[in-house]
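Structure, as structure tokens:
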């Protein structure tokens with residue numbers, strides 16, 4: 001079997017600049033590819049809640065003329081088993097590999113959301129649900145955020161930066177920000193990976209103990225002094241994540257890491273970004289959020305998803 | 001920005017008689033406006049359960065050629081914050097104003113259902129969820145029932161009365177009826193407001209203590225003797241609501257207010273109406289319901305929603 | 001009123017061979033009937049969870065050009081009352097007969113899933129929810145599995161047998177298999193009923209106490225020795241069900257009834273079938289399932305549903 005197209009990672013992008021250009025073309029002409037998806041169906045499978053991703057991906061599919069089906073696993077369906085060879089005499093009713101093979105037959109593309117559980121780093125970083133879809137699906141698979149990545153978000157972020165950059169090579173800062181609960185590293189991981197592939201100067205800033213996975217951060221500059229990191233920045237991308245090293249732990253809720261107008265003043269007229277949902281006056285102050293790109297960034301989710309689906313439809 | 005069309009209240013209707021005529025035309029020709037909504041998307045956002053409204057509004061959109069997306073807030077998405085300036089370090093994950101701005105970008109029209117909480121009259125009568133949509137949405141907003149009104153229902157009721165009236169100016173009675181739980185005043189409020197704009201003689205009857213809000217009832221006749229109110233009536237519209245004055249309280253479950261065949265005999269061959277869902281043999285007897293307009297009334301929800309969407313589509 | 005077409009039972013099939021042929025034609029040409037459903041809407045009403053049925057039926061409708069609406073009763077809507085004449089002053093908010101009449105007005109076809117409760121045999125075998133739909137709906141009704149039958153599954157099973165049979169009159173064995181929880185008899189009942197109408201030699205095998213309803217089993221051969229039953233079989237169809245005679249009870253979890261490769265060796269190169277979801281290494285071993293027809297069988301759910309909807313659309 002020829003290898004199926006998929007979208008789970010920046011490595012699945014054939015040409016990043018072309019994809020960005022096509023996304024901006026789709027943004028100007030949202031119905032222009034409407035015939036491409038005619039008679040085709042996107043199945044959206046949710047293991048976790050979703051607002052932006054649910055609506056933007058569904059709408060992106062509709063703009064391409066596709067039909068859609070939404071499956072809320074758990075509330076609508078069965079408890080799934082993940083262990084190969086399991087004797088399923090307990091609470092699980094269907095093996096993930098059977099469910100995926102079946103769903104593949106009802107859809108032309110499958111998109112799946114499944115968060116990290118933040119209990120066992122090794123388990124999460126194997127990205128078992130997303131990889132089960134890639135392994136067992138007989139149709140292309142799109143990540144709607146997995147345990148370790150959120151590539152549709154990172155693609156939308158990159159489109160937004162391209163639209164708003166005023167320098168050829170802008171300084172982009174990913175800053176950790178406080179949050180009352182433990183969150184996955186998925187958004188931060190993908191943001192770093194996508195920026196690494198782009199013409200930007202990326203700096204990551206966070207308290208000690210919040211280092212991202214080595215295979216993600218690679219040679220990217222880490223600056224533990226948030227103020228220093230913000231100096232001269234063109235884009236400030238805030239996000240909370242729980243610790244990778246002390247896996248899933250909230251090591252700090254240090255309010256001094258909140259993004260405020262005072263800190264934004266250190267930047268070079270820098271623009272604030274966040275993937276949403278954002279806890280106001282925790283991650284960043286109202287003032288910062290109300291003068292930011294966050295809403296425009298969310299709009300671009302339509303076009304990152306749209307181009308991903310377009311590329312897949314052209315290759316099936 | 002030019003003011004967006006919206007449908008939250010009878011005041012949003014430009015010409016009631018024309019809208020009724022168009023609804024009846026759509027009823028005879030349900031697919032006639034199918035091109036109008038092509039490539040457009042209706043987002044339906046539910047904070048509360050719904051059967052009729054969910055299905056009739058979705059179908060009305062489909063009949064106009066629109067695509068639809070359904071978002072069950074809470075079960076599908078995030079806990080929303082409503083307080084401006086809140087430090088969101090508790091249970092809420094996203095501010096309503098961010099969620100609405102984002103959803104606006106994925107849909108051409110947003111429709112929202114959010115019931116009264118019946119705890120704090122002032123809070124409910126500020127209609128905070130619906131008004132947040134009107135304030136923050138960048139696309140037209142349609143009420144699918146809010147804390148204080150249910151205009152799509154009242155419009156369907158009026159269409160039904162127009163279809164079945166035999167007199168130029170029928171007598172229409174809104175009667176309170178008993179119910180085991182506290183219900184909002186939304187349906188009663190909208191029914192009164194829409195009848196006030198119509199060529200009917202409206203009488204409202206209820207036990208003492210169930211007076212509707214003064215800004216709703218205005219000069220409309222209130223008759224505390226249900227039997228007297230029914231005399232010569234052409235339409236009996238039954239509905240339970242909890243007290244407005246002793247806000248949200250169930251002051252009475254007096255079974256003598258149930259609508260029975262004996263009481264219907266006091267009318268001038270009057271027709272029974274109710275918005276559904278109806279508790280049989282509590283609000284009205286089986287006999288009354290089985291010889292009523294309730295099912296036809298529910299059918300007209302398709303056409304009230306259809307014309308509302310048509311009017312909006314023509315103005316965006 | 002002329003009798004509406006419906007699909008609740010093998011008796012609703014006008015010509016089984018023609019329907020199978022048409023299903024296989026649709027399988028080869030999935031978009032060929034796309035104009036048939038244009039402007040028509042299928043409402044899918046779920047009282048119970050569903051994956052295959054939910055997705056395959058929705059997709060089948062889309063392939064025919066229909067629009068769809070999904071209603072999860074309970075989570076999305078109201079608590080329904082089933083007793084005629086009930087004084088509804090308790091937990092139920094709407095009578096099933098009102099809900100069905102209303103939903104009929106918003107859809108061109110209604111499909112409904114409602115499982116057996118396994119508490120009261122007489123109640124379950126009256127199939128009250130499905131029959132309420134047949135009685136009160138004013139549009140055609142399709143069973144998506146009821147308390148006592150799952151005809152869309154049995155039809156897909158029959159299509160699969162026709163595709164894979166190598167003899168003119170294959171030997172088909174329905175075997176009970178162990179399961180930790182009490183399951184309905186619906187799938188087994190329909191499988192027996194559909195096989196009885198087909199050119200196959202049907203043998204049913206199960207431990208004593210698991211006899212199916214006499215009105216279902218009729219003259220079909222029952223063999224209590226599973227090994228004997230398997231001898232020379234062309235198809236082994238496994239399914240668990242709880243006891244009909246000691247209604248809803250799990251009388252045995254005897255692991256020796258699991259379908260294994262050793263037992264499959266007794267057959268004449270027999271093919272293993274199951275409706276899914278299947279508990280691996282409980283109902284059958286991984287080895288048996290991984291060399292079976294179960295995924296292809298699930299695919300045929302698209303075409304059994306497709307032809308059922310096609311037949312209905314042609315007759316409304």
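Numbers here mean position along the shown chain, with the first residue as 1.
Heads up, the Cβ atoms here are built off N, Cα and C, so glycines get one too.
The domain 'Aspartate/ornithine carbamoyltransferase carbamoyl-P binding' annotation in TrEMBL covers B:7-163.
With a cut-off of 8 Å between CB atoms and residues at least 6 apart in sequence, the same chain places B:7, B:53, B:57, B:142, B:143, B:144, B:145, B:301, B:304, B:305, B:308 near residue B:152 (carbamoyl phosphate binding site), listed in sequence order. Marked as carbamoyl phosphate binding site by TrEMBL: B:50, B:51, B:52, B:53, B:78, B:113, B:150, B:151, B:152, B:153, B:275, B:276, B:301.
Look at TrEMBL and you will find B:145, B:179, B:239, B:279 tagged as N(2)-succinyl-L-ornithine binding site. Under the three-state DSSP scheme, residue B:145 (N(2)-succinyl-L-ornithine binding site) falls in the coil class.
DSSP states for the domain 'Aspartate/ornithine carbamoyltransferase Asp/Orn-binding' (B:187-305), grouped as helix (H, G, I), strand (E, B) and coil, give 42 helix, 18 strand, 59 coil. Taken from TrEMBL, the feature domain 'Aspartate/ornithine carbamoyltransferase Asp/Orn-binding' applies to B:187-305.
Chain C lies within reach of B:50, B:52, B:279, taking the binding-site residues B:50, B:52, B:150, B:275, B:279 and requiring a CB-CB distance under 8 A.
Distances between the Cα of residue B:150 (carbamoyl phosphate binding site) and those of the binding-site residues B:179, B:239, B:279 are shortest for B:239. For residue B:50 (carbamoyl phosphate binding site), the same-chain residues that are 6 or more apart in sequence and have a Cβ closer than 8 Å to its Cβ are B:113, B:144, B:145. Less than 8 angstroms from a Cβ of chain A: among the binding-site residues B:50, B:78, B:150, B:239, B:301, that describes B:78. Cβ environment of residue B:279 (N(2)-succinyl-L-ornithine binding site): B:179, B:180 lie under 8 Å away, each six or more residues apart in the same chain. Same-chain residues at least 6 positions away in sequence with a Cβ under 8 Å from that of residue B:239 (N(2)-succinyl-L-ornithine binding site) are, in sequence order, B:174, B:175, B:176, B:177, B:187, B:188, B:191, B:274, B:275, B:283. Around the Cβ of residue B:145 (N(2)-succinyl-L-ornithine binding site), 25 further Cβ atoms fall within 10 Å across all displayed protein chains.
When Cβ atoms from all protein chains are considered, those within 10 Å of residue B:179 (N(2)-succinyl-L-ornithine binding site) total 22, not counting its own.
Summarised as a single figure, the pLDDT of the domain 'Aspartate/ornithine carbamoyltransferase Asp/Orn-binding' (B:187-305) averages 98. Ranking the binding-site residues B:52, B:78, B:150, B:275, B:301 by how many other Cβ atoms lie within 10 angstroms of each Cβ puts B:78 at the bottom.
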